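Heads up, the thing below is written out as structure tokens.
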Amino acid sequence: MDGRRKTYVAVVVIQAIYTGMFLLSKVAFDVGMNPFVFVFYRQAAAAVFLAPIAMFLERKTAPPISFLICFKIFMLSLCGVTLSLNIYGVALKYTSATLAAATTNSLPVTTFILAVLLRMETAKIRTGAGIAKVMGIVFCAGGALTIAFFKGPTVKLLMHHHLFSYHGQVQNTAASSHWIKGVFLLLLANALWATWLVMQNRVLKSYPSKLLCTTLQCFMSTIQSFVFAIALARDPSEWRLGWNVRLLSVAYCGIVVTGVTFYLQAWVVEKKGPVYMAMTTPLALIFTISSAAVLFGEILSLGSILGGILLVGGLYSVLWGKSEEQKTAASNNGDIEKAEYELKEESIVEKQSSTPNARIQHACTPA
């Protein structure tokens, strides 16, 4: 298998893993698992899984951790991991796995908005690329509002033979007033995750050991999530796992999602770049829609479908604008380097022509 096919397989596996995360999390919450307890167990499993790997691979190369870096990692885990995952868990109880996958497409757009506000990105609205970025933001906002406030006719992809019998709970939840609250909680969770993406770039410049930094975030998030869970889940029965879907979802999200996708995403970004990785995000939506139809017999509304299309359109619009700006910048840098090279060559020629030997040779040259 050549390198191109390997990257194709890798991105499909990554999005399939995220599909499993959406579905298993929804199943765990629908059978009564507390979202705050779920996040605590998930982060604990991730920390236990990653700690020995990080110590083995980066024990000798990791720089020392100062108090300032430790505080930055603590705040990074609080904002982008603990709060984001807890809000996401509550939102998923109110909505559906398909909607969670759909709103994930707003993540690159939200990240771009935050980067513009922090002056890490620019939006030149006088260029085609800048207009595409702005239109992408408009599409995403329109998609979110469409999902939240417009239902329309319903579409049931498979009428029979779904594997789980609690799909009626999903339907009732989708029809209730909690749906709008769930949509905006999902968007808030994505906004916090986007903040984590932007701020992590700055933290990694101070502490470049990526795997150890991720492990520390999981460890600190475990402590933070425990505080949330112990305060909001007082019933001891909510903490029991057992050999059931609760334990499966915790192990899957903590080990497979955090562990496996970390390496796969890093490998794909290294081979193809972050834009290529972001462009594959809609695959998770396609996988989730088809899987939810088979497993849950999930009912989709026209508003959810149209909103998902707008979100995906906004994603690709922003990514196209970003790609065009990178091409323009690369072309301009190439022109500048070429001009500097020519100027340098001319300077060398002028210096050579001004030397005494060059003047003598010029004087002796026949007319």
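A Cβ is built for glycine as well, from the same backbone N, Cα and C atoms used for every other residue.
What TrEMBL says about this protein:
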- 8-138: domain 'EamA' (DOMAIN)
- 181-319: domain 'EamA' (DOMAIN)
- 7-24: transmembrane segment (TRANSMEM)
- 36-57: transmembrane segment (TRANSMEM)
- 69-91: transmembrane segment (TRANSMEM)
- 97-118: transmembrane segment (TRANSMEM)
- 130-150: transmembrane segment (TRANSMEM)
- 179-199: transmembrane segment (TRANSMEM)
- 211-233: transmembrane segment (TRANSMEM)
- 245-264: transmembrane segment (TRANSMEM)
- 276-296: transmembrane segment (TRANSMEM)
- 302-321: transmembrane segment (TRANSMEM)
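Mapped onto DSSP helix, strand and coil, the domain 'EamA' (181-319) counts 120 helix, 3 strand, 16 coil. As a summary of secondary structure, the domain 'EamA' (8-138) carries 107 helix, 0 strand, 24 coil according to DSSP. Remote same-chain residues near the transmembrane segment (130-150) are listed as 99, 102-103, 105-106, 109-110, 112-113, 122-124, 179-180, 183-184, 187, 302-304, 306-311, 313-322, 324-325 (criterion: CB distance under 8 Å, separation of at least six residues from the stretch ends).
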